[in-house]
Each structure stands twice: as structure tokens, then as C-alpha cells.
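The next block holds one structure in the form of C-alpha cells; read it before the comments.
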Amino acid sequence: MERGDTSEEDEDELKEPPPEPTRFGWVQGVMIRCMLNIWGVILYLRLPWITAQAGIGMTWVIILLSSCITGITGLSTSAIATNGKVKGGGTYFLISRSLGPELGGSIGLIFAFANAVAVAMHTVGFAETVADLMRENGAVMVDRTNDIRIIGIITVTCLLGISMAGMAWESKAQILFFVVIMVSFASYIVGTIIPATPEKESKGFFSYKAGIFAANFVPGWRGKEGSFFGMFSIFFPSATGILAGANISGDLKNPTVAIPRGTLMAIFWTTVSYLIISATIGSCVVRDASGILNDTLSSSSSSEGCIGTACQYGWDFSECIKNGTCAYGISNYYQSMSMVSAFAPLITAGIFGATLSSALACLVSAPKVFQCLCKDRLYPLIGFFGKSYGKNDEPLRGYLLTYIIAACFILIAELNTIAPIISNFFLCSYCLINFSCFHASITNSPGWRPSFRFYSKWLSLLCAVCCVVIMFLLTWWAALIAFGVVLFLLGYTLYKKPEVNWGSSVQASSYNIALNQCVGLNNVEDHVKNYRPQCLVLTGSPSSRPALVDLVNCLTKNLSLMMCGNVVTVILPGKHQIISHVKWLNQRKVKSFYRGVVAAELRSGVNMLLQGAGLGRIKPNVLLAGFKKDWRSDTPQATHSYIGILHDAFDLHYGVCVLRLKEGLDVSHPSQGHELQPGTVFQKKQGKKTIDVYWLFDDGGLTLLLPYLLTRRKRWARCKVRVFVGGEKDKKEEQKADVLALIKKFRLGFHDVEVVTDLYQNPQPMNTMPVGRKGVCPTTLYMAWLDILSRDLRPPVLLVRGNQENVLTFYCQ
């Protein structure tokens, strides 16, 4: 044996340690990835046009407003990401572990889908640019639409190959794209400084001019989209992409450091780039130009009739401005950055880099988020895609699913069709991230301790509201679709109630609300109109007496408190035992608390429950127990203890109910544990049966209230209640009318009353009424009375005695 152990140890030492998976720092893993995902086609092809419409001043407002939203969302993301260890799953992981599976699961699914569709959007943007370049050079495969489809499918297939090669290859490709974009920016900035040639001047470029800056600083709205919110709706998608780093949180060396630093730096530098480009393009290029070299002002011609800013620099574009036929200028020419650039092909390369890098980032993000969602198994039929491969746990099946979804949307070949929904889904994610941060902060949970402190819960709430407003301002129907999907998935999760516990802020909030409401009840005096039978049920282990549980559940469900009490006299109950009791109640769909106590004997344990159960005004006022069927064979001390429990309840102002079934209550089978869910008579539909109520003593009305509560339940609704009262033979009808009138005042809906006239005659040897006065009637005799009274009856028997507290009233106040 020793030799065998030694050889096994030697073999373990000879084995090579598993290779370390690739992990990234904050620059390569988060900042560069976010910047590439934020920069896109709008930066190159729409920002100059937005500057022409809104003016430099309003464009800066649009850029800064968008950056405020993404910046606050970045702060909220940083706070959530630094409140504990962040695993894979990115946005889904952050929201689900903060808000819980209900909202986290729904937003995770639509965010993964939005990223998959975003792959198609960016790929189509790339394919459109390639198709236009091909057409300019006379190279057409089929037609423009089909060319976009062909180029798009080929492109996304290549991107899939890069993604499936592993995160290391994907990250290297992202660095290449980043370098290309930076070179294109440098080419543009150099181009703005170089003196303009006559050809560029004819297209509206005059290098830096104060007159052009002044003219372009104010808005020049044109067309149906010519408004602040119209321009904002077009620009805002270019500010999204801030979650690209968080979406690969599982591949970062230190996510709690990398996500805040990288995300916020990416937002800062991309905002600076947008501001610089809008200011420089607005200072160099006029709004309208013809592109015709002959449209110059000669020294002999007059400039009095010349229209436009270009008149100051020797050019007359009046004719095309009047006719609305100007082909150039930042109001008309989407490729203005290419025209200004020192080397136009570098701008084209930048467009390629921006679109392909964004597509690649989304192609990686979607499977990573979806993989985490699949592993949590919140929704059916998706677990297949949660399988991991390789040292980096690559979601290869998720990659293929994302590829299929992207390919389907690429076939649409129309950006304007898919972009609004994507933007709304991303905004929906931002809204929930900010709300998660606000919610976690407002609950004051001790578990909310983010190491990143530079956030404000009120700013997070404001940003969440702004996101919702912007969603409807962008595309109201897409916003309705987004919220519809979220609400549907939320409803599904609430219905299924997945067995996960992530310590979410929703749980913390539920505790706060419950605690405040309980404390608030201390200031409310009890009133008979608000009386509810709050029941302490002596079930022992709840699974051992299901009939008792089911009866009380019929009385208290969605109405009042039910607490199953268990007195343990042998060993201390373990935590797993308590959990199993609660689980059994939940599986039976019984809304009840469970409370177990340890005591030397039963009576003292029940006394502990009677005095200590409940919280504030939410405490039991009715004790329910099963009939002690074995009182004859058990010791006299046990019978004395049982009757003593009833007297203790009366002394503590409890109402008391004792349930007896002909077949007994105890169905416990220790060998089978708590898994059984046996059926009982109280679970069945009762049909047109009769509930007989013997109202023989005015105990406050509890004897009448309980059957009324039963008939409010669906399965008991068709039952007839028959009330028996004591009376005198010669006044039978008069007393019956009085009782019916009283019941009508109480609005109980009982119409059948029987007067028992021999109630006050001397008892016969075989029919004795139980009195059971404390200290007068022996406990054994009292048990004999109860036994004879309820023995061998086919229906269940419930013996009820109130505590003299009025539980019914016919007054309004």
C-alpha cells in the first residue's frame, strides 16, 4: 500500500500543470476594446453631417449629453463590478447578481441577442462601404443589395474564424484595428492643417477659417430629421459600446480594477475625439459647395449677390444653394472626412477598422454573456449552449448560434431596419445597470460595499430615467418591443421561481419594506373590522400532519399569518432540517412560516411558541392542534400536558381549535423523509356539501367566522353552511328569526339555522357536553368528553373556542 501511494505521488509530480488561460489587463482587455466598440461608421460618415445640422455648439451639447449618460452608466458599472468578485458573463452577471434572476435573466437574454444582431449591423456597414467602392470602380457582382449580402456573409465568416481561434487571436486583431483607426485620425488632423488645393476648395474645404467656424457654430436645420432630438437619435448609437470590456469579465486579470479604469478612460478619450472632430470639421468646411472648379469669384465680378460663407474666400456656390443641388459641403457630402484627410484611403481603412472591430467585439460578447445565462439555467432549452471548450472555456456553440443570427440579419442588408431595436436594447441595459446601482445603494444593505466610491445613487437613478425617455424619443415602437420582451421574460421567471440565491438588492429591499411595515403597524391600534385569524399550528414536522396544514391554509391563504410550530425534545434541529420543512411547505404551495423550538417537554415548548412566535402585531392569535387520539394508551402525564397546552393558550388570550379526522392526522414515515406530498380531504373540491356549525356559546364570533372564511375559497364555495343554536321549544321560531337577523347583520351569508331545543336538558349517560374548567375538571375526564363527542364521525370535526375577543361587527366604525 505504501509503495502504491508513493508511485501515485511520483506520477502526480511528473504531470505538467495545466496551462494558464489568456488574461488581459485594463488597457488591452477593456479600454481598447471599449474604444473600438464605441467608434463606428457614424464617427466617419455622420458626425460631419450632424455638425452641419446642429452647429458646432449644439453638436457639442449632443456629444456631452450622450457622454454623460454613458459616463454615469460607466460609474454605475464600476461600482457594481467592484462589489465582489466578477466572473464571466459581463453585463448579465452584473445585473443578475445585483437585481436578481428576474430582471437579470431577461436583460441578459435580450442583451446577448442585441449583440448578435449588432454583429450584423456593423458587418452590413462594412459591406456597404465595400460595395460602394466597387461600384465607383465599375466592379459589381449582382446588384447593390445582393453584393452587400455576399460581402457581409463572407466577412462575418472570417470574423467567426478569428473568434473561434481564441481570445488571444481576437485581441491581436483588435490591436491591429486600433492602430488603423489611430492612423486614420492622424491623417485627418494633418489634412486639416495642409493648405487647401483648388479642387478641395471647390468641395468646400478652406482649412481653418474664423468665418467658417462662426457660420457653422449655430444650427442650420434641414429636412425632416432637422431637430435636436433628431440629431441626438442618430448620434447616440455611436456612444454605446461601453460594456464591451465588462462583457468579457471572465477573461480579465483583475476585473474589479480593469473594468472601472478601462471603461471610464475609453469614454473620456472617445468623447474627446468626437469633440475634436466636430470642432475641426466645422472650422474647415462650409455647409454647401458645388465641387465645380469654375464656381469662383473673379476680380471683375461683384460679390453682392453671392450667397454662403464661401463668398468670403473667392467662391460662389449661390446657384446650387438656391436650387438645393449642392453635392459637397458637410451638409451634403457624407465622405467629408475622406475629402479633408491628407490621404483619403486611410479614412476608408479607418471605416473598415471601426466596423470590423465593433462587429468582432459583439461577436465575442454575445456568446460570453449567453454562456453565463445558459449555465444558470433560468430558461428552458438553452442549456445546450452553455458548454465550454479549451483552457479559456470558449463558448463554441454560442459562437455558432451568434453567427447564424447575424447571418440571418445580414440578409436583410438594411441598416435602418435593425439599428433602432439594437439601440433600444442597449439603452434598456444601461437603464437597468443604473437602476441596479441605485437600488443596491438605497437598500442600505451591509453587503453593498463597492471599492469604487466615485458614484452617486441619485445620478444613477436620473440616468436610468433618461435612458427610458431617450428610448421612446429614438423609436417609440422599438422601445415598446424592448420593454415587452423584458416584461414577458420577467413574468416567466417570476412564475417559475428558479432555485437561485445571489443575495440580490431585491432581497435586501424586500427585507427593508417588510421591516418598515412591521414597525409601522405598532402605531396602529387593533380594530375588530381588521381582525384576522393568525394561526399557530402545532404540526410538528409539517409533512407529518398534512391535513392540519391544508385546513389552516384554506383559512389563512392570502389573508393572514400561518405559522407551523414544531417542538423538538430529542436533538437540536439542523439547518438542513429547517430548510427541508420550508421546502416541503413551498412545494405544497402553502404560504406559511416554520418555527421550531427545543424544549425538555412538549408543554414548555408550546408555551415558548405561544409567547415568542410572531413579530410586533404580526403574531398568532389562534392555536390549532390535532386531537390527541392516543390519550387512553399514553401516560396520564402526557394527557395532562396536552390539556395544559389548551389552558395555556386561553390564559395567553388565544382562540383554540382542535381538529379530528376519523383516520387520524399523523401520516409520518421517517424512512421516506419530507419528499412525500400526500393528498388530504381539504385539497379536494367539496361540491354541494354541508358545513354544520354548532354555535353553542358566544366566544366572540370565531366559531362563525371560520366557516365563512372557508366558503370564500373556490373549492368550498358551493358548500351550504347550517348553523345550530340552543333554544327553548316554545320560542323556537322567534329565536330562529333573531339568529337569522343577527347573521344577516354580520353579512356572513348563512341562511339555514336550526334551533336545538333539548340543549339545556340534563345530559344523558351517552351524551355529555365538555366543560373542562381549569382546576375543577380532571384532564382525563375532559379528554373522555371530547373523545365521545367527536368519535366515529365521517366528516372532519373542528372544535372551536374563541378567547372572548369580538371578531365580528356590523358597525361601520
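Just so you know, glycine gets a Cβ as well, placed from its N, Cα and C.
Automated prediction, rather than curation, is the source of TrEMBL annotations.
Given the structure is predicted, the values throughout are model-derived calculations rather than measurements.
The region 'Disordered' annotation in TrEMBL covers 1-21.
Outside the transmembrane segment (24-45), and at least 6 residues removed from its termini, the chain residues within Cβ reach (under 8 Å) are 122, 125, 129, 167, 171, 174-175, 177-178, 181, 234-235, 237-246, 248, 251-254, 257-259, 261-263, 265-267, 269-270, 273-274, 277, 334-335, 337-338, 347, 350-351, 353-355, 357-358, 361-362. Positions annotated as transmembrane segment by TrEMBL: 24-45 (among others).
Positions annotated as domain 'Amino acid permease/ SLC12A' by TrEMBL: 29-536.
What TrEMBL records for 57-83 (among others) is transmembrane segment.
Feature annotation from TrEMBL assigns transmembrane segment to 103-127 (among others). Remote same-chain residues near the transmembrane segment (103-127) are listed as 40-41, 89, 91-92, 95-97, 147-149, 151-152, 155-156, 159, 247, 351-352, 355-356, 358-359, 362-363, 365-367, 369-370, 372-373, 376, 378-379, 401-402, 405-410, 412-415, 418-419, 421-422, 425-426, 428-429, 432, 482, 485-486, 488-490, 493, 498, 504, 506 (criterion: CB distance under 8 Å, separation of at least six residues from the stretch ends).
For 148-169 (among others), the entry in TrEMBL reads transmembrane segment.
Residues annotated as transmembrane segment in TrEMBL: 175-194 (among others). Long-range Cβ contacts of the transmembrane segment (175-194) within its own chain (Cβ-Cβ under 8 Å, at least 6 residues beyond either end) map to 28, 32, 35-36, 39, 207-208, 273, 276-277, 280-281, 283-284, 337, 340-343, 346-347, 349-350, 352-354, 356-357, 360.
For 206-222 (among others), the entry in TrEMBL reads transmembrane segment. Note on the transmembrane segment (206-222): residues 51-58, 192-196, 280, 282-287, 309-310, 312-313, 330-331 of its chain, located 6 or more positions outside it, place their CB under 8 angstroms from a CB of the stretch.
Annotation comment: TrEMBL describes 228-250 (among others) as transmembrane segment. The list of residues near the transmembrane segment (228-250) in space but at least 6 beyond its ends in sequence, with Cβ under 8 angstroms from a Cβ of it, reads 24, 26, 29-31, 33-34, 36-40, 42-43, 46-47, 50, 53-54, 58-59, 62-63, 65-67, 69-70, 73-74, 77, 81, 86-91, 93-94, 115, 167, 258-259, 262-263, 266-267, 270, 274, 358, 361, 364-365, 368-369, 372, 393, 419, 422-423, 426-427, 429-430, 470, 473-475.
Beyond the transmembrane segment (262-281), the same-chain residues lying 6 or more positions past its ends with a Cβ under 8 Å from any Cβ of the stretch are 26-27, 29-35, 38-39, 43, 47-48, 50-51, 56, 59-60, 63-64, 67, 70-71, 74-75, 77-78, 185, 188-189, 192, 208, 238-239, 242-243, 245-246, 330, 336-337, 340. Residues annotated as transmembrane segment in TrEMBL: 262-281 (among others).
Summarising the annotation, TrEMBL assigns transmembrane segment to 342-366 (among others). Residues 33, 36-37, 39-41, 43-45, 90, 112-113, 115-116, 118-119, 122-123, 125-126, 129, 133, 155-156, 159-160, 162-163, 167, 170, 173-174, 176-178, 180-181, 183-185, 187-188, 190-191, 194, 241, 243-244, 247-248, 335, 398-399, 402-403, 406 of the same chain sit 6 or more residues outside the transmembrane segment (342-366) yet have a Cβ under 8 Å from a Cβ within it.
The list of residues near the transmembrane segment (396-415) in space but at least 6 beyond its ends in sequence, with Cβ under 8 angstroms from a Cβ of it, reads 113, 115-117, 119-121, 123-125, 127-128, 145-146, 148-149, 152-153, 156-157, 160, 163-164, 363, 366-368, 370-371, 374, 384-385, 387, 389. Here TrEMBL flags 396-415 (among others) as transmembrane segment.
Sequence-distant contacts of the transmembrane segment (421-442), counting only residues of its own chain at least 6 positions beyond either end whose CB sits under 8 Å from a CB of the stretch, comprise 69-70, 72-73, 75-77, 79-80, 83, 91, 94-95, 98-99, 103, 107, 110-111, 113-114, 117-118, 121, 236-237, 240, 243, 448, 455, 457-458, 460-461, 463-464, 467-468, 470-471, 474-475, 478-479, 481-483, 486, 505-506, 508-509. Per TrEMBL, the feature transmembrane segment maps to 421-442 (among others).
Beyond its flanks by at least six residues, the transmembrane segment (454-471) meets 68-69, 72-73, 75-76, 78-79, 232, 236, 424, 427-428, 430-432, 434-435, 437-438, 441-442, 478-479, 482 of its own chain at Cβ-Cβ distances under 8 Å. According to TrEMBL, the transmembrane segment annotation covers 454-471 (among others).
Per-residue pLDDT, averaged over the domain 'SLC12A transporter C-terminal' (545-674), rounds to 87. Feature annotation from TrEMBL assigns domain 'SLC12A transporter C-terminal' to 545-674 (among others).
Broken down by DSSP into helix, strand and coil, the domain 'SLC12A transporter C-terminal' (679-766) contains 33 helix, 18 strand, 37 coil. Residues annotated as domain 'SLC12A transporter C-terminal' in TrEMBL: 679-766 (among others).
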Chain residues outside the transmembrane segment (148-169) and at least six past its termini with a C-beta under 8 angstroms from it:
22, 24, 119-120, 123-124, 126-128, 130-131, 141-142, 248, 251, 356, 359-360, 363-364, 367, 390, 392, 394, 396, 399-400, 403, 406-407, 410-411, 413
List the helix, strand and coil residue totals of the domain 'SLC12A transporter C-terminal' (545-674) as derived from DSSP.
54 helix, 26 strand, 50 coil
